[in-house]
Amino acid sequence: MTNIRKTHPLIKIVNHTFIDLPAPSNISAWWNFGSLLGLCLAIQILTGLFLAMHYTSDTMTAFSSVTHICRDVNYGWLIRYMHANGASMFFICLFLHVGRGLYYGSYTYFETWNIGVILLFVVMATAFMGYVLPWGQMSFWGATVITNLLSAIPYIGTTLVEWIWGGFSVDKATLTRFFAFHFVLPFIIAALVMVHLLFLHETGSNNPSGLISDSDKIPFHPYYTIKDILGVLLLILALMTLVLFSPDLLGDPDNYTPANPLSTPPHIKPEWYFLFAYAILRSIPNKLGGVLALVFSILILMLFPLLHLSKQRSMMFRPLSQCMFWILVADLFTLTWIGGQPVEYPFITIGQLASVLYFTIILLILPTVSLIENKLLKW
């Protein structure tokens, strides 16, 4: 009798994805973040579902409903803070996952990579809309500032912004539609994840050496299921430590003040995971230029397959590229720090230099260094 695992139409798909999947024998802990992102998405959808049962998307009651969740709902505080800090964990895993892809040349799987970049955009949009829902000061002003950026689009800008707002300012209509989109987008993300995996399993996983590993594959289960469980335990440990000991560490105190259109906070800034892009946006004095730089700072990821001029796929044996990669990482940390600082000297200058360095490393220095390394191979 044949195993149901290998014959049943539905179970067969699960089998080919998580059990009998041939995986390279040498993939490191950097390959754990895909499964961790899946876990983060599951946590966010579950906690979000329970929050949506008690939340009201009305400007008069939104802030009070979040307070009610934290004070009166059974373990509401836990659900709310798991959702808020779960978003931070989601982005930490996302950045590490993308960084792994850049370092080991995983972007040469074009379809998988491009779906991944689209996923990054959709997750960022979802997180932005979620930040607006508690209707605190930073929610309101963050929504006002970021949606207003679209007015920089020539000719249709102003109409587009008013269309998104559903009026002449961020108000009840905006909050309601943001809630609707914030609810539905995670399910679209889940569908995109399926497509992401579909394309990945067409080619098989990359590995740290960047070499073809068809001759040395091992089954996903039990080797990588056990390895993933370790990652899962560490992620849950980190998340619950944050939630139970310092739930407001990554939040903004201004968001504990109800939204007031008549009082602008002294420093409007997004959540920490958007600060690097926000710093790039602010480093350009022109509004349209800033918006284009903001979009391109993420969209540039799609150019990596075209900018790959090295004869080797991975950076494992390319010390010059490694050096530039870690300078790029340091530059992103600098941009994140600058994004949270007020717009004044010397932060403006540092932000502009860091922004120029970001684009220069990706568009110019990394490809040039790759060509130099190709020459060194002949010595």
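Each residue, glycine too, has its Cβ placed from N, Cα and C.
So that you can see what the record holds, here are the features copied from Swiss-Prot:
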TRANSMEM  33-53  transmembrane segment
TRANSMEM  77-98  transmembrane segment
BINDING   His83, His182  heme b b562 binding site
BINDING   His97, His196  heme b b566 binding site
TRANSMEM  113-133  transmembrane segment
TRANSMEM  178-198  transmembrane segment
BINDING   His201  ubiquinone binding site
TRANSMEM  226-246  transmembrane segment
TRANSMEM  288-308  transmembrane segment
TRANSMEM  320-340  transmembrane segment
TRANSMEM  347-367  transmembrane segment
Quick one: of the binding-site residues His83, His182, His201, which has its CA closest to the CA of His97 (heme b b566 binding site)? His201
At an 8 Å Cβ cut-off, counting only pairs 6 or more apart in sequence, do the transmembrane segment (226-246) and the transmembrane segment (77-98) clear the bar of 3 or more pairs? yes
Among the binding-site residues His182, His201, whose Cβ has the fewest other Cβ atoms within 10 Å? His201
Which residues of the chain, 6 or more past the ends of the transmembrane segment (33-53), have a CB below 8 A from one of its CBs? 69, 79-80, 82-83, 86-87, 89-90, 93-94, 96-97, 100, 182-183, 186-187, 189-190, 193, 228, 231-232, 235, 239
Restricting to CB pairs under 8 Å, which listed stretch, 77-98, 113-133, 288-308, 320-340, 347-367, is in contact most with the transmembrane segment (178-198)? 113-133
List, in sequence order, the same-chain residues at least six positions removed whose CB sits under 8 Å from that of His83 (heme b b562 binding site)? Gln44, Thr47, Gly48, Leu51
Excluding the flanking five residues on each side, which residues at least 6 beyond the ends of the transmembrane segment (77-98) place their CB within less than 8 Å of a CB in that stretch? 30, 33-34, 36-37, 40-41, 43-44, 47-48, 50-51, 66, 69-71, 116, 120, 123, 127, 130, 235, 238-239, 242-243, 247, 250-251, 271-273, 301
Beyond the flanks of the transmembrane segment (347-367) by 6 or more, those residues with Cβ under 8 Å of it: 279-280, 282-284, 293, 296-297, 300, 303-304, 307-309, 321, 324-325, 327-328, 331-332, 334-335, 338-339, 341
How big is the Cα-to-Cα gap, in Å, between His182 (heme b b562 binding site) and the residue listed as 'ubiquinone binding site'? 29
Please list, in sequence order, the residues in the chain of His196 (heme b b566 binding site) that are at least six apart in sequence and whose C-beta is under 8 Å away from its C-beta. Thr112, Ile115, Gly116, Leu119
Around the Cβ of His97 (heme b b566 binding site), other Cβ atoms found within 10 Å total 20
